[in-house]
């Protein structure tokens, strides 16, 4: 989330975020962390047509809908509900600053820049072939297999949960 915000929305090179994290995280791992920053910046897996740009509002709704994290780290927003926070009702009423950028706008503009760059790299790799293309093709196959397995695991989990929910309702 932080990496996509810094790199895609703010347009800052992934190098700066990765260096900052390595300087301040107690569990930093150069190889893993740099790869993750590159991935979130849309630099890796150029043969894929897509890359992720996380939505902070959706992330709050999915991961912190009770606002425990937000209230803990941003006490200025205590007393505001999730819909109020997401619609910026607190502006003018609290001392918490306004957003530094328009997420939707920067996602659209900067996301297109990254997408276009990825497309040019992909076209160059395909046209030139060679070792660089082969490496990218192997990486894409590996990532695709990973997500296929993860999706299957998730679907199996969902089926188990639905069965448990059905049994609980039946026994209720």
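Placement of Cβ uses the backbone N, Cα and C atoms for every residue, glycine included.
Caution: TrEMBL annotation is automatic and unverified by curators.
Over in TrEMBL, the protein carries these features:
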DOMAIN    1-111  domain 'Cryptochrome/DNA photolyase FAD-binding'
BINDING   27, 28, 29  FAD binding site
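Those same-chain residues not listed among 27, 28, 29 yet with C-beta within 8 angstroms of the centroid of the FAD site C-beta atoms are 22, 25, 26, 30, 32, 33. There are 11 other Cβ atoms within 10 Å of the Cβ belonging to residue 29 (FAD binding site).
Neighbour count (other Cβ atoms within 10 Å of the Cβ, all protein chains): 7 for residue 27 (FAD binding site). Annotation for residue 28 (FAD binding site): spatial neighbours 21, 22, criterion Cβ-Cβ under 8 Å with sequence separation of six or more.
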